[in-house]
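Some notes on the structure that comes next.
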Ligand code: MG
Ligand code: MG
């Protein structure tokens with residue numbers, strides 16, 4: 001069953017999402033050549049703690065970090081590591097979750113490290129565009145396939161690969177709730193109702209669709225070794241349209 005969030009739950013999700021947005025604001029400031037993904041993880045942990053929230057990812061199915069840090073051909077679920085330092089020209093996707101009074105915010109963003117090439121610029125632009133195209137379909141009485149199709153159409157217009165094995169998901173008291181949301185059309189006619197909360201998260205590849213999991217059992221990378229980008233917001237369907245919870249509150 002897909003839960004419908006109450007007014008109170010939405011309030012707490014916005015608070016959790018605000019904290020996630022604060023982490024991303026900080027990431028944008030500190031990401032530069034030379035910093036390790038472990039340092040990024042520690043900075044994220046500090047922001048979450050200072051705001052009296054819990055890092056949702058830490059310990060989730062045994063995951064050892066507060067963020068997932070996925071560089072270049074890595075798609076998602078990269079483990080923070082003191083020996084992995086960012087280099088000029090990299091792109092890094094940082095995914096982070098915060099739980100505030102039991103409610104979760106989940107958001108990922110891809111960042112350029114210094115100056116990046118045109119291919120990576122286009123990939124990041126397309127993936128962010130796909131995210132917002134999807135968000136715009138998160139409206140009462142639309143169906144889930146409307147979101148999936150909007151993401152797919154943007155990816156196709158750029159000729160980029162779409163990661164098939166991972167996708168968006170319901171979010172609320174748990175990071176992963178029903179429904180699963182594909183990033184391409186599957187014919188899911190589930191009607192979106194007021195109060196549904198979904199993490200919409202396109203993962204697009206410069207090359208083909210195929211990805212595989214590393215021996216660490218977490219890190220997902222493209223099979224052809226080409227770069228991948230990931231953008232994600234937690235979004236609630238409201239009477240006033242899509243409400244992005246994972247942004248800074250005014
Ligand atoms: Mg996420
Ligand atoms: Mg997610």
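From the backbone N, Cα and C atoms, a Cβ is placed for every residue, glycine too.
The substrate binding site annotation in TrEMBL covers 77, 176. For residue 77 (substrate binding site), the same-chain residues that are 6 or more apart in sequence and have a Cβ closer than 8 Å to its Cβ are 63, 68, 70, 95, 218, 219, 220.
According to TrEMBL, the divalent metal cation 1 binding site annotation covers 95, 106, 232. The number of other CB atoms found within 10 A of the CB of residue 106 (divalent metal cation 1 binding site), across every protein chain shown, is 29.
Cβ contacts within 10 Å of residue 232 (divalent metal cation 1 binding site), excluding its own Cβ and spanning all protein chains shown: 27. Taken from TrEMBL, the feature divalent metal cation 2 binding site applies to 106, 169, 201, 232.
The domain 'Peptidase M24' annotation in TrEMBL covers 12-239.
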Please check each of the binding-site residues 77, 169, 176 and report the ones with a CB atom less than 6 Å from an atom of ligand 1, ordered along the sequence.
none
Work out the three-state DSSP category of residue 106 (divalent metal cation 1 binding site).
strand
Taking the Cα atoms as reference points, how far is residue 176 (substrate binding site) from residue 169 (divalent metal cation 2 binding site) in Å?
6
Three states by DSSP: which one describes residue 77 (substrate binding site)?
coil
